Each structure stands twice: as structure tokens, then as C-alpha cells.
Amino acid sequence: MVLPQLFSRHKSKRSKSKQIQHPDLSTLTPNPTPVSSSSSSPPPPPPRVSPSSPPASSSPRHSYSTRKNPPPPPPYQPTAAATAPPQPNLPRKSSTRPAHSRSSSTPSHSKSCHRPTHSSATAKGSFSSSASRPTFSRASTVHRFKKHDPDLHPLNLPPDELRRLSAMAAAADRSSMDIDSNDPRLSSSANADSFKLAGNKFFKDRNYARAIEEFSKAVEINPNSSVYLSNRAAAHMAAHQYINALEDCERALELDPSNAKIQYRLARILTSLGRPSEALNVLSRTDPPASATDRAPAEKMIRFVTQAEETLAQERGVSMALFCLDQARALLGNGVKEPRKWTLMTAEAQLKMANENSFAKAQDIAMNMLRQNNQDPDALMIRARAFYGLGETEQALKTLKICISLDPDMKSAIKLLRTVQKLMRTKEEGNNAFKAKDYRKAIDLWSQALEVDPTNKDMNAKILQNRAQAHINLKEYDNAVNDCTEALRLDPSYVKAQKIRAKAHGGAGNWEEAVRDYKAVAESNPTEKGIQEEIRKAEFELKKAQRKDYYKILGVSKDASDHEIKKPTASWPSSTTRIRTVMILKVMRSSRRSERLMRP
């Protein structure tokens, strides 16, 4: 009999629950070809019918599911392909699955499970049976998956394609732990370029720390690339790491001296570090020449610093020097420490302002320098000058001796030490003469001390106040007023000099000026001891001075005794005796009233 027509197979994936249709075996004629007697080989499944096969018989087709006693499915026997070692988990090919042929003459791959291959099957997949049971055979094994093409495995790709894929993977966002820097495969230029691309991406996102990491990997692979070094310098500069940026930019310029982009970048870095002269020197070598806009920051910085130097040299306009230095600092990079020269100029300006606040600022500058180097002679010199300006001569002498021990050739420290020693010696001699009540000698010695250092305002103000007190003791009130006025010019906050001047005004009979000075002291220093009592006495003396001066009318001094007041003089005629007596009584009454008012 002729093999019946088999059912056609669907192209889509078959569900496991779908039943398989087979022809009715009862209507088939066994194939005269004997079946293999091997008990280990199960009968093969029915093959597809070729279009050239003869027409099927008229017997109806039945499925196994419609029969009362369907035969059990053949046991599964793994083939050589199934028992082969597992292949690595590789991605499937993106190509479209080819269509299956309905012809049994060509092998096809389906999505069903593997079927065993039998040696008894013919090349055409013919049908045969024996007296007991028919046998089905197929030409090839049907696999669930397509075979993998080994030529498409990533490790089997050409070297150029491998480098291209590596560069694409490196450009993606990843952490520094994803790549081992010791891997010898990282030595290729393609990987260096991939790190550069990743660094550019992080730089654009303002993630400068990651950009520096990626550029550093590229530099490790190719340390002689000016591009990688210049890019890392730009990242360092954006991260305010100007010293590292300077090193990378200088190395890049050594590798590529004619690169204008690197030259401009180096000039900006030098300007940010407070080195404008070097920046202009670099810009002078650029081709084409640098524009005025590129040169402007460095030129402006030089102009401010030069103006500050000229102002300090002229001993005037010290506040202008500080302003110019502040403008120059504004052109520095963020977080950059100012040049040492600028720091010393700022300290010099504060010392020349010569007031308590400026001396304190100079002390702060010196202490900051000493924290970095406790044996810095320049810092010790600034500190000694500040002590000397504040009148703390003992501290000044101690600091100067330390400074000279560190730098014996420092002429400015040696000169200041001699000046301080001479001034202190002369001032001390004047103090001893004053204590001995030799006021004239004290005045002479203090006059010599004033000539030692005319620039020391604080010390000279104290010496002038001492000399004014000596003049008062000698009843030289006008000289005392002049000395106190000069002391207040040198130190407007010198309260003691203002009190001495008020006392000198009172001694000269200028009680109105005395009251004014006393009230100024009380206003500036309300806690000054005894100032209110001094004001009350001065105001009382002012009221007395506004009345008639009977002592002057009588021709006697204010400190005359009662006997001298009552004693008649030739200038008074007898006709005026009564009037003279009235005046005497008024003077005596005024004196008694004054005594009562002065009592506590």
C-alpha cells in the first residue's frame, strides 16, 4: 500500500499540549525492509511525505488520541549533540529564522525537543514496517535551538572589530573598579582613546574628579601624548587644582611646543597662580599673537601690584596700596594662596599705617607665616616691628634676637635692634631723673629719646606725655599743652595725654579749655577713674573765673594771705578806704564760700 499523506506542520511554535497526528497504522502495508533487531533503538517518528510520493489510500486517518489503546511514546535517547559539553551562554544571532521546507529530503530545525537519529532510516525518510510493528525514520535530528555560528563569537572577531567594540564599551558610564589597570590589554591606543572619550564626557557633566581619573588612565597608557596631558590639565584647572594643572600643561608644552591651545591654557594657569609676568612671556610666543582680551588679566594684575609697590615706596597713601593688592587678589584662582611677595607687601602697609588695629593685623599675618615655617626670619621681623609699634619693647627685643640668630646677615633686624636698645636706654634715664625730681634733666633726656626714632608714633607719644608732666611741675603750662597736643596727634586715642593737657590748661587759667578736655575724656572713656570729679572742679573754677577778679583790683596775687590783702598800699587814697574795705570783705567772703563748696 501507499503511505498516506501526513498532516502538514505549522511554522509557528507548537504548544506542548497540542496532540501529534499520526496515520492509522492498521491500514499500512509493512515495508519489506526488515527492522533492526537492536532493542536499544526505539522506532523513529513518522517522516514527512515528499510531494513526489504516490497518492494515499482511501483508508481514513486516525490520531493517537482517538484510539482506545494508543501506543506509549518512544523512550527518549540522547544523541551525540545532546550529550556534547554545554556551549557558553552566548547571545543569539539577530538574523531571522529561515522558513522550514515541507520536503523531507532536507534537514530542518524546529522548536520541539531533540529526536533520536536511527541508522535504519533511509536518506529520504521512507516508511517501513516489520511483521510485528512498523518503523519510522528521519534523515536528521530536529533541535530546539539553532546551531551557533562560531565565527560570530566576540573572541573570534577580527582585531579591528574588537578594538572598536572595546572603545564603545569604555565610553559608557562605569566605575573605576570595572577595569584592571594592570591588564596588559589596556596598552592599546584604542583603549587610551576610550578613556579620553569617557573623560570628556565627565568633564562636560562637570564631574571633574571622574574626568581626572579617566584622563589619568589614558596618560598611563600613553604618557607622551600632549592631548591627554592637556585635557587632564584642563580638568585640574576646573577643579581648582592649579599646581597639578601647571605640571601637566608644562609637560604637554614640552611635547608639543607649537600648540597654541596649550600655550593659552598655560598662560591662564600662571595668571591664576599670581605669576602674570610668566603668563605674558608665554603669550608672547603664541602664533598667531595673543589678543588684547587674552592678555588683559595678566596685564591688569601687573598694573595693580606695581601701583601698590610705588605707593609703599613713597610713604604715603598706604590705604591705596592695600586696595591695589585686594584688586590683584581678585584675579587669582579660587583657593590659590597669594604670592609671598604680596603677603610681605600687605604686612608692610599695615605696619606703616601705625595704629593699634593695623599692628594687630600685621601680627596676624606674621603668625600665619610662622605656622607654615616657625623659623621664617621675615615673619619674625614683622612680628618684632608690630611689638615695637605697640610699645611692647621687651617682646620686640626678644623677637629681634631670635630673628638675628636665624639670619645673622639680616641688616634690617640688626638696625632695628640697635634703635630699640638706644631708645629704651635714653627713655629709662629720663624716667630716673623725673623720679629724682630733676625735671630739667628729665626734659633734656626725653628730648634726646624723641630724636632716636621719629617714626615710632606710639613710643614718641608716651615720651611727649612724660615731658609735658615735667613742664607742668616747672609751671611751664604752655610747653606742657604743646607736648600733649603733639602726643594726641600721634595717637588720638591717648587718654592720659588729654588729661595732662586739661591739667595744663587749668594751670594756665584756661578753665574753659580744661572743661572741654575733661568732658572729651569722659565721653571716650566713661569708666576713667576720677574723671567726673575733675569735671566738677573745672566747671567750678570756670564759674569763678567769670566773676570780677578782686585780687587783680586790689593788686595782690590769688594766693595772697589775709594780711597781704588787708595791708594798705600807696595806690589807695584815704577817700577810697571804705571802697577798699568792701572789696577786701568780698574777697574773703568769696574765699570762704569756695572752701565750703570744695568740701566733700
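Placement of Cβ uses the backbone N, Cα and C atoms for every residue, glycine included.
All annotation found in TrEMBL is predicted automatically rather than curated by experts.
Pulled from TrEMBL, these are the features on record:
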{"type": "COMPBIAS", "residues": "8-19", "note": "compositional bias 'Basic residues'"}
{"type": "COMPBIAS", "residues": "26-40", "note": "compositional bias 'Low complexity'"}
{"type": "COMPBIAS", "residues": "41-54", "note": "compositional bias 'Pro residues'"}
{"type": "COMPBIAS", "residues": "96-110", "note": "compositional bias 'Low complexity'"}
{"type": "COMPBIAS", "residues": "119-140", "note": "compositional bias 'Low complexity'"}
{"type": "REGION", "residues": "1-159", "note": "region 'Disordered'"}
{"type": "REPEAT", "residues": "192-225", "note": "repeat 'TPR'"}
{"type": "REPEAT", "residues": "226-259", "note": "repeat 'TPR'"}
{"type": "REPEAT", "residues": "377-410", "note": "repeat 'TPR'"}
{"type": "REPEAT", "residues": "423-456", "note": "repeat 'TPR'"}
{"type": "REPEAT", "residues": "461-494", "note": "repeat 'TPR'"}
Listed stretches 192-225, 226-259, 377-410 vs the repeat 'TPR' (423-456), most Cβ pairs under 8 Å: range 377-410
Same-chain residues at least 6 beyond the ends of the repeat 'TPR' (461-494) whose Cβ lies under 8 Å from its Cβ atoms: 356, 391, 427, 430-431, 434, 437, 439-440, 442-443, 446-447, 449-450, 500-501, 503-505, 507-508, 524
Could you give me three numbers for the repeat 'TPR' (192-225), the DSSP helix, strand and coil residue counts? 27 helix, 0 strand, 7 coil
